[in-house]
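Q: Below is one structure. I have some questions about it.
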Amino acid sequence: MNPHILVILLFGLGLGTTITFASSHWMLAWMGLEINTLAILPLMTQHHHPRAVEATTKYFLTQATAAATLLFASTTNAWITGEWNIQQMSNPFSSTLIILALSLKIGLAPMHAWLPEVLQGLDLNTGLIMSTWQKLAPFALLLQIQPNNPTLPVLIGLLSMLVGGWAGLNQTQLRKILAYSSIAHLGWMTVVLSFLPSLTLLTLLTYFLMTFSTFLMFKTNKATTINMLAISWTKAPVLTALTPLILLSLGGLPPLTGFMPKWLIIQELTKQELGLTATLAAMSALLSLYFYLRLSYAMTLTMSPNVLTGSTPWRLTSNLTVLPLAITTTGTISLLPLMPAMTTLLQL
């Protein structure tokens, strides 16, 4: 892709998200979401592969449906209450419809089916943008809505955790595994959204850090399937040794960074007297942890396949910059000691 076009598209991504961040009017927020969607579509089809075109078409139809539902719900709220302000969602029907539309935009269960298929058709760079940056604008709106009845966000979050953990068990494609991992993590954020929004924001930032590190690791190893992980030690043995720590941090295993937000969320749910929800959330974390352990096992404790399709390919010297991977890997593994500082910030 032409570098000038790439800069314009990335600028459009940033502009759309910034407009949504800065808006207090539903029409302006909708415009920001549309600019964001239109900017990423050319990035998704830059390789002109049939799978990429299919993924882009699915993404466009899904986002158009969510945007139309969002516009209908905000217009209905303005018609009934005479108010376009995002924080003045007094109509229960419109509020519920907007939560469902934003859930469709970011891929929460039960509106999640498009996310694994779309992510599977993209390259790792665009998949990283899809898994991180594209979540910011819808979550900014979810944080502002603050529904009076927290039942719907809790149910959506709990269902997302269970679906993301259960459906990722039998996957062999790494991008689909990361998609179901995204669904499960988004469920953790949504389940505590109505009680402690600052904790949702902390979980989102922690998820971004861990996902960034995981995508960069797969990109360095040029791995797209589990079998390709088994031959990664020939290319980067040090990274292969650190990768299980990255994956287990995504799974929320102490003493790694990913344990911090899950522990705080379970603690907050217990304070809200939602013991059953906290128990189900903790059990769903075991499902996610299983397929992260499966990836770690395939990468470090198995021999590379000797069949032709799994043989070790030629390895050329990589010119990729390793500084972002080093920074994100360090943060993914070792930020847990900052947990007291994080809890202090949450109480401010």
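Each residue's number is its place along the chain shown, starting with 1.
From the backbone N, Cα and C atoms, a Cβ is placed for every residue, glycine too.
Residues or ranges marked as domain 'NADH:quinone oxidoreductase/Mrp antiporter transmembrane' by TrEMBL: 23-287. The transmembrane segment annotation in TrEMBL covers 60-80, 92-115, 151-170, 177-195, 201-218, 230-254, 274-293. What TrEMBL records for 289-342 is domain 'NADH dehydrogenase subunit 2 C-terminal'.
Explain the structural surroundings of these features, please.
A: Within the chain carrying the transmembrane segment (92-115), a Cβ under 8 angstroms from the stretch's Cβ atoms is held by residues 33, 58-59, 62-63, 65-67, 69-70, 72-74, 76-77, 80, 134-135, 138-139, 141-142, 145, 147-149, 152-153, 156-157, 159-160, 162-164, 179, 182-183, 186-187, 190, all 6 or more beyond its ends.
Here the transmembrane segment (177-195) has long-range neighbours at 103, 106-109, 112, 115-116, 118-120, 127, 131, 135, 139, 142-143, 146-147, 150, 153-154, 156-165, 167-168, 171, 203-204, 207, 211, 214-215, 250, 261-262, 265, 268-269, 272, 277, 281, 284, 287-288, 291-292, 295, meaning same-chain residues at least 6 beyond its ends whose C-beta is under 8 angstroms from one of its own.
Sequence-distant contacts of the transmembrane segment (274-293) (same chain, at least 6 residues past either end, Cβ-Cβ under 8 Å): 154, 158, 161-162, 164-166, 168-169, 171, 177, 180-181, 184, 187-188, 191, 247-248, 250-253, 262, 265-266.
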